Amino acid sequence: MFSMMNGLQHYGQQALRAARYIGQSFMVTLEHMNRLPITVQYPYEKIIPSERFRGRIHFEFDKCIACEVCVRVCPINLPVVDWELIKSMRKKQLKSYSIDFGVCIFCGNCVEYCPTNCLSMTEEYELATYDRHELNYDQIALSRLPFSIVQDSTIQAHSSLGYLS
């Protein structure tokens, strides 16, 4: 008789614990029902990245002194810098500069350590192509200014998503 009472008491405690867990999960569900949706209809609505976002690298050819600091600080030695030495002036002249964004890890070391600030990170994040060789940007493609989401009237920009800031 005593073991039956213990079993019944244990069963009652388990039932109360299960009801408490169900109540807690129901409260979490109700809390999430009051939140705004975070899904964005991507091609028509775009999120404005934060100021610290690391997007495509912008390059200014005229400022570069071909010091190759960007190549030395890059963890994967990615930027390809071609230069020639002008013996009369004892100075390097930049011939070409390219970055393969298919390999780039967007760490930002090249931008941070550049002594002339000829490199900068943009807010451009749409780099998708059908051919991976199109991701190899030369100095002309790198110097192209990024297209701003805010200026496009056909796209609705979202900046109110707090988790991306």
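Cβ coordinates come from backbone N, Cα and C, glycine included.
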Which of C67, C74 does Swiss-Prot put in the same [4Fe-4S] cluster 2 site as C104, C107, C110?
C74
Residues sitting near the domain '4Fe-4S ferredoxin-type 2' (95-124): Cβ under 8 Å, six or more positions beyond its termini, same chain?
48-49, 53-65, 67, 69-70, 73-76, 78-84, 132, 135-139, 142, 146-149
From the binding-site residues C104, C107, C110, pick the residue whose C-alpha lies nearest to the C-alpha of C64 ([4Fe-4S] cluster 1 binding site).
C110
Residue numbers, six or more beyond the limits of the domain '4Fe-4S ferredoxin-type 1' (55-84), whose CB comes under 8 Å of its CB atoms:
49, 92-101, 103-107, 109-125, 127, 137, 139, 142-143, 145-146
